[in-house]
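Asks: So Swiss-Prot lists these for the protein:
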DISULFID  Cys51-Cys55  disulfide bond
DISULFID  Cys62-Cys75  disulfide bond
DISULFID  Cys176-Cys185  disulfide bond
DISULFID  Cys254-Cys265  disulfide bond
DISULFID  Cys273-Cys282  disulfide bond
DISULFID  Cys295-Cys311  disulfide bond
DISULFID  Cys329-Cys340  disulfide bond
DISULFID  Cys351-Cys360  disulfide bond
DISULFID  Cys367-Cys378  disulfide bond
DISULFID  Cys391-Cys400  disulfide bond
DISULFID  Cys450-Cys465  disulfide bond
DISULFID  Cys509-Cys518  disulfide bond
DOMAIN    174-218  domain 'DSL'
DOMAIN    253-283  domain 'EGF-like 2'
DOMAIN    364-401  domain 'EGF-like 5'
DOMAIN    403-439  domain 'EGF-like 6'
DOMAIN    481-519  domain 'EGF-like 8'
TRANSMEM  533-553  transmembrane segment
Amino acid sequence: MTPASRSACRWALLLLAVLWPQQRAAGSGIFQLRLQEFVNQRGMLANGQSCEPGCRTFFRICLKHFQATFSEGPCTFGNVSTPVLGTNSFVVRDKNSGSGRNPLQLPFNFTWPGTFSLNIQAWHTPGDDLRPETSPGNSLISQIIIQGSLAVGKIWRTDEQNDTLTRLSYSYRVICSDNYYGESCSRLCKKRDDHFGHYECQPDGSLSCLPGWTGKYCDQPICLSGCHEQNGYCSKPDECICRPGWQGRLCNECIPHNGCRHGTCSIPWQCACDEGWGGLFCDQDLNYCTHHSPCKNGSTCSNSGPKGYTCTCLPGYTGEHCELGLSKCASNPCRNGGSCKDQENSYHCLCPPGYYGQHCEHSTLTCADSPCFNGGSCRERNQGSSYACECPPNFTGSNCEKKVDRCTSNPCANGGQCQNRGPSRTCRCRPGFTGTHCELHISDCARSPCAHGGTCHDLENGPVCTCPAGFSGRRCEVRITHDACASGPCFNGATCYTGLSPNNFVCNCPYGFVGSRCEFPVGLPPSFPWVAVSLGVGLVVLLVLLVMVVVAVRQLRLRRPDDESREAMNNLSDFQKDNLIPAAQLKNTNQKKELEVDCGLDKSNCGKLQNHTLDYNLAPGLLGRGGMPGKYPHSDKSLGEKVPLRLHSEKPECRISAICSPRDSMYQSVCLISEERNECVIATEV
């Protein structure tokens with residue numbers, strides 16, 4: 001099951017869990033009423049009159065909640081009417097469809113309370129047979145009222161009601177609607193066989209899992225029998241999917257290290273070398289002689305390291321593999337005692353008396369010489385020029401001189417040793433083999449050589465034990481400390497560390513991976529914008545420094561006129577200082593007024609000034625703080641309301657009268673008396 005499907009399944013189960021109480025609160029079922037027989041022999045109505053010419057009978061059924069005393073009112077559980085079913089007396093047949101259906105169906109959509117009230121009325125109609133309840137002139141024949149309890153079930157409850165005029169036989173029951181179960185038809189269960197569950201519904205509404213499934217909602221498959229619980233899993237029944245590092249039909253076989261040539265494993269990614277092999281990947285042959293038999297002509301092979309060996313030759317042979325014979329006579333080709341002589345490319349047999357031929361195989365004897373031994377019979381051939389011996393059993397040879405060796409055919413398998421036993425032979429088997437010809441292999445695992453619950457594997461060179469966790473050695477006899485990191489549980493290049501206990505481990509994930517085994521990749525977070533932040537901070541600092549420089553320059557410029565003004569004031573004479581009128585005593589109202597200078601008798605240098613225009617540039621050294629020379633053009637500034645003001649000159653009799661305004665203005669006026677006599681100077685300061 002994929003992660004996406006698991007997530008969808010969990011959401012579906014959550015939704016089911018939320019909706020389940022609501023489903024249990026509602027219910028659905030059917031109250032069934034089967035009319036069987038109605039008898040009205042006299043054709044009488046409830047009012048005592050009779051039907052003419054006969055009653056045309058139909059029924060009205062009203063089902064409602066339990067009432068100890070039945071009262072008229074709504075049929076709370078349902079109602080139904082029948083068409084005309086017969087005349088005075090009749091039997092009602094079962095009918096499953098169409099008009100006149102029997103049993104009558106009264107469905108309900110609530111939890112069945114277990115009690116009810118039922119009113120069955122028989123009516124006579126003179127009108128329509130199919131919808132008689134709407135016809136005018138209907139008359140009541142009889143009615144019966146049943147009050148009681150009724151459990152949900154498929155068994156019909158049969159009853160019969162009689163009165164003085166009529167008799168009604170009927171039966172009834174309550175059954176649940178499709179997919180509803182339980183004592184009150186309130187348990188909803190819909191069988192399904194899909195991704196969200198595989199089950200059928202029991203009579204009580206409980207789930208019954210289909211074969212191959214289990215779990216609360218039958219959504220968990222039952223894996224193949226024997227599938228290893230930890231090493232395998234399944235997404236459908238009878239399946240066994242191996243987890244990483246395991247293989248086999250039941251996921252009980254570990255996968256050795258990639259590249260392991262001649263080795264096995266007891267845990268995934270291990271490479272335990274077979275006997276005779278070494279190296280990291282068990283690819284170095286430590287027993288080359290056994291595996292390849294490089295030495296020829298019966299020579300002895302000795303191992304001398306990985307892929308190394310030495311051949312010890314038998315007499316008469318030489319070469320790296322003893323493949324070269326030293327003498328052509330080494331095979332004793334001459335028979336009947338003939339001697340062999342080596343020649344350049346061949347050999348020559350020197351036959352003893354009585355024999356001839358290339359290998360001294362022919363005899364010059366005849367039967368008269370009794371050449372046959374051990375009871376052999378002589379038979380002449382070629383008109384007496386030669387003979388042939390017919391040997392008795394167990395003897396052979398041209399003269400029956402050799403005892404039959406029944407072991408020459410090498411009948412013993414698997415290295416068994418053949419032994420002659422008179423007319424028969426026996427095989428002496430090597431350990432681990434048995435049988436007449438040593439053809440049966442005795443399992444080396446029968447002796448249970450593996451200790452501590454190790455698994456024995458019977459191989460050609462002997463048993464090999466697969467040890468359980470915590471043990472090692474050829475026979476699993478050595479107890480070792482378990483290393484939880486030995487199986488390589490961490491993925492994506494993570495570093496494994498052994499935890500507090502031997503069976504625990506911790507994976508140190510590389511950047512970009514998370515999870516207990518570092519198996520989940522994550523999106524790399526964007527790097528912090530150090531360049532943008534540094535640039536922004538630098539710009540702010542530069543702007544602050546620039547503002548500070550501008551403010552400092554402005555302060556220096558503003559301080560310079562004040563210093564010059566104070567210096568000019570300090571350079572004035574005491575007389576000039578005494579004739580300096582403070583600026584606070586003059587008010588400029590920007591109105592043209594007359595300025596009168598009264599000099600007494602001597603008026604040569606003084607006069608009356610009318611509409612005197614004040615030039616603010618006359619005394620630039622006395623500008624107020626914040627004023628700039630040349631900033632303001634020559635403008636007319638007039639005095640306001642007339643307030644007498646006297647200015648003293650060098651001549652006591654000379655007075656300057658001015659009209660001043662008491663109102664404040666943006667500018668202050670200063671009147672200076674020049675050091676020259678009989679001369680009045682007015683200076684203004686902005």
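The backbone N, Cα and C atoms fix where each Cβ goes, and this holds for glycine too.
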Asks: Using a 10 Å radius around each Cβ and counting other Cβ atoms from all shown chains, which of the disulfide-bonded residues Cys75, Cys265, Cys378, Cys465 yields the largest count?
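Replies: Ranked by Cβ atoms within 10 Å, first place goes to Cys465.
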Asks: Average the per-residue pLDDT over the domain 'DSL' (174-218) and send me the rounded value.
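Replies: For the domain 'DSL' (174-218), the model's average pLDDT rounds to 92.
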Asks: List the helix, strand and coil residue totals of the domain 'EGF-like 6' (403-439) as derived from DSSP.
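Replies: Result for the domain 'EGF-like 6' (403-439), in helix, strand, coil order: 0 helix, 13 strand, 24 coil.
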Asks: Applying a 10 Å Cβ distance cut-off over all chains shown, what neighbour count does Cys185 (disulfide bond) have?
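Replies: Other Cβ atoms within 10 Å of Cys185 (disulfide bond): 24.
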Asks: Within 10 angstroms of the C-beta of Cys62 (disulfide bond), what count of other C-beta atoms is obtained when all protein chains are considered?
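Replies: That number is 23.
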Asks: If you count Cβ atoms within 10 Å of each one, which of the disulfide-bonded residues Cys55, Cys351 comes out on top?
Replies: Cys55
Asks: Have a look at the disulfide-bonded residues Cys185, Cys311, Cys450 and say which one has the shortest Cα distance to Cys51 (disulfide bond).
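Replies: For Cys51 (disulfide bond), the spatially nearest of the disulfide-bonded residues is Cys185.
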Asks: What's the CA to CA span in angstrom from Cys176 (disulfide bond) over to Cys450 (disulfide bond)?
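Replies: Given the Cα positions, Cys176 (disulfide bond) is 64 Å from Cys450 (disulfide bond).
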Asks: Between Cys311 (disulfide bond) and Cys329 (disulfide bond), how far is it from one CA atom to the other, in Å?
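Replies: Given the Cα positions, Cys311 (disulfide bond) is 22 Å from Cys329 (disulfide bond).
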Asks: Where DSSP helix means H, G or I and strand means E or B, what are the helix, strand and coil counts for the domain 'EGF-like 5' (364-401)?
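Replies: Taking the domain 'EGF-like 5' (364-401) as a whole: 3 helix, 12 strand, 23 coil.
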Asks: Roughly how many angstrom lie between the C-alpha atoms of Cys378 (disulfide bond) and Cys391 (disulfide bond)?
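Replies: Cα of Cys378 (disulfide bond) to Cα of Cys391 (disulfide bond) measures 9 Å after rounding.
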Asks: Going by C-alpha distance, which of the disulfide-bonded residues Cys185, Cys273, Cys282, Cys295 is nearest to Cys340 (disulfide bond)?
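Replies: Among Cys185, Cys273, Cys282, Cys295, Cys295.
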Asks: Which residue counts does DSSP yield for the domain 'EGF-like 2' (253-283) in the helix, strand and coil classes, in that order?
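Replies: Going through the domain 'EGF-like 2' (253-283) residue by residue, I get 0 helix, 8 strand, 23 coil.
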Asks: Which residues of the same chain, at least 6 positions away in sequence, have a Cβ lying under 8 Å from the Cβ of Cys518 (disulfide bond)?
Replies: Cys490, Phe491, Asn492, Gly493, Ala494, Cys507, Cys509, Pro510
Asks: Taking only the Cα atoms, work out how far Cys254 (disulfide bond) lies from Cys400 (disulfide bond), in Å, as a whole number.
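Replies: Here the two Cα atoms are 64 Å apart.
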Asks: Can you tell me how the residues of the domain 'DSL' (174-218) break down into helix, strand and coil by DSSP?
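Replies: So the domain 'DSL' (174-218) is made up of 0 helix, 20 strand, 25 coil.
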